[in-house]
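Going by TrEMBL, these are the annotated features:
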TRANSMEM  45-63  transmembrane segment
TRANSMEM  75-96  transmembrane segment
TRANSMEM  108-130  transmembrane segment
TRANSMEM  142-163  transmembrane segment
TRANSMEM  214-231  transmembrane segment
TRANSMEM  293-315  transmembrane segment
TRANSMEM  327-350  transmembrane segment
TRANSMEM  395-413  transmembrane segment
TRANSMEM  506-525  transmembrane segment
TRANSMEM  572-593  transmembrane segment
TRANSMEM  613-635  transmembrane segment
TRANSMEM  647-670  transmembrane segment
Amino acid sequence: MTMDVEIHPVDDPNVLKFYIDPEMTQFEEVGGTCSNRDNSDEICCTVRSIVIGIVFVIGISFLHQWTVYTYTSTYIGPMLAIIITYPVGHLWAYVIPNAKPFTQKEHGLILVMTNVAWMYYLQFNFAVSAALPILENDKKNFANYFFLVLAFQFLGFGLAGVLRRFLVWPTEVIWPQNLPLIAILRTLHERKTTTKETTYGPAARRWSLKETLIQNKLLFFGIVVFFAFFYEWFPLYIMPFLSVFSWMCMFNLNNRLLGQLTAVRGLALAGGGLTLDWMKITVYLGSPLILPGWALFNIAFGFVLIIWFIVPIVYGSNVRGVKTRPIAGVMFSGTTAMNLVTAFTSFAYLPCIFVHTFLFHGHNLWTQFRTKSLGNTGNDMHNRLMSVYPQVPDWWYFILFSISLIMVCVICNQNGWLPWYLVLLTLFINMMLVLPVGLVSSITGQFLHNAPVYYLGVMVSQGLNLGNESAKTYSFIVVGYILFIQSLALIQDMKLGHYLKIGPRYMLFAQALAGFVCSTFSVGIQYMNFNKYGINNDYDSSFSIFDYTLLGGSAFSDINGFFGGANRANRALLWAFLVGALLPIPGWLLSGWPRFTWLKHLHWPLILISFSWMPALLSAGALFTWLLVGLVVYFTIGKRSWSQRHIYLASGALGLGLNLALIFINTIFLNQDNNFPNWRGTSTNKGWDTCKQALLAQS
């Protein structure tokens, strides 16, 4: 059965007289990328898709376990998973007798399964690695470790299913992170689509005369992938100075003030420092091409306000003696002006997001809470198409969540890691964060940095007098954070399946199966290794089946002393809770007046969280370059009628090219200690900026 939904232009002067594809919705990002056509008879959950998915989950898990124990950056991201599995699916269809053609839905289901392995890699890096010393004290009991990790996986499934009515079904939660993946899938599987079939109105007559890359999306995609792959060899291997290109500082390398203000690792004032490396630009904030324009404007406003005004004021006021240190302190261990300001924004983010959600989304959330099924969600084309598929009952998710919750409580309590009532407390705290943070991420395309959740866990654990019991403190933070991050990742994938028209029950089966396989295989490798070699918090060259160097769990540093001892001054950061709670209120009150309606687009949670990565993980120069790229693309081609799918396709192609370059460079050269010959452009390999004055403390 095939269902088509088409929207035709109306007599509104503000509505374009033509549009790309018949998939236009009230959100042009979705309309230009996601199809509103569905063939419910198209095969999806087949032996082929499940077998290919399991094989790639195992392969990706194995590769990522290797990267956890080494310094390498070799990984298989979602874009690369799409490209690798595409020929495999078609090969199966060609070789196996009587096999049906490989479909887009099968490919999408495989992508969902590989995404589970990708998310396990990310959460393992932060959370499970940090808790490994606890397992060492437990004599490495395999059953405890396996069931704990498995329960962590399925806790997220249960909560994600319960929250789908808020974070999957509503039209406005577009999850921009998924759109490049959908653009790539459609480019691979819908290559027969022509301009005449997909463009309406006067534009169809104009465009039919042009033979450009706009019409050949696969060629466009391939060219961008090749360009990204070729270019990334320069900042990653041949010319590392491009990653920290402080060009303005080069006019006077000995001028400390110029270095502090304009360098990449300073304030990057007026664009005096640029990061010409797509990896460093996007590794924490993601691609700037996928964000809505209003989100870019918010972050740009926050950058000017916080980095170029507030940080210099704090520095000039010499708060806590910051004048004797670098203004940003990217490579400085002491407290700097930017450290103080970004820590303040991280604290302010927590109350701000709750107040903002209540004021700006409270009515919609109440409406969605009363929504009983997908068919009652209003006039949304994707919901109408998905309503023909059998839904997953809420009680399935409740059972899954309840069983996983009991497992976590029993394992943590029986092993003395954390009493069961503290397990419930940390899970409750992080469950409260999933909905508001998910709303921000689904609307803006920005994912939450772990710093606010980490700070909250530290404060609560110290309030419970767990500071002197490291195992309980680790467990308190890790258990809550894994539920938080896992739920958001699974919800994002649910929206991906929603746009691809994959049945909800198939989605649950594929995600659960991938989670089980990934956990089993990863835990097995992990257990064999630290059962044989042991594990500690230091570098241990004897550990790893590949004889590489282990990077142990070092994510939780200085937990016990954050608010005490020499750091008592950090208690002043608690004022950030009051500031964060008050920030959204004036805009909400004034936005009701006609002259101030623009204030409803002022998104304080997005502004505050965008700077929590700084300065240790993200330099001012990298963020400035990120904004520059996003705004230039938005103002030059972002408003063109043909641009939406091409922008997301370009974003995916850039990510794929980077992924391929990292694999080649790490595997062939860096892992074998084959560095590029020394010359002036490789001097930054030691971590120095081209402008050293930005990194030096005042003498």
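Note that Cβ sites are derived from N, Cα and C of the backbone, with glycine treated the same way.
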Is it the case that the transmembrane segment (613-635) and the transmembrane segment (293-315) have 3 or more CB pairs under 8 Å, with pairs at least 6 apart in sequence?
-> yes
Close approaches to the transmembrane segment (142-163) from elsewhere in its chain (Cβ under 8 angstroms; 6 or more beyond its ends) | 120, 128, 135, 392, 394, 396-405, 407-408, 411-412, 415, 427, 431, 434-435, 438, 479, 482-483, 486-487, 489-491, 494, 508, 511-512, 515-516, 518-520, 522-523, 526-527, 531
Recorded stretch that, among 45-63, 395-413, 572-593, has the most CB pairs under 8 Å to the transmembrane segment (506-525) | 45-63
Please check if the transmembrane segment (647-670) comes into contact with the transmembrane segment (75-96), where contact means 3 or more CB pairs closer than 8 Å and the residues in each pair are separated by 6 or more positions.
-> yes
In the same chain, residues at least 6 away from the ends of the transmembrane segment (572-593) whose Cβ sits under 8 Å of its Cβ atoms read 343-352, 354-356, 359-360, 599-600, 602, 604-605, 608
May I ask for the residues of the chain that lie six or more residues beyond the transmembrane segment (293-315) and have a Cβ under 8 Å from a Cβ within it?
-> 267-269, 322-323, 327-328, 337-338, 340-342, 345, 443-446, 601-603, 606-608, 610-611, 614, 620, 623-624, 627, 630-631, 634, 638
Surrounding residues of the transmembrane segment (45-63) on its own chain - C-beta under 8 Å, 6+ positions past either end | 74-76, 81, 84-85, 88-89, 92-93, 96, 99, 102, 106-107, 109-110, 112-114, 116-118, 120-121, 503, 506, 509-510, 513-514, 517-518, 521-522, 525
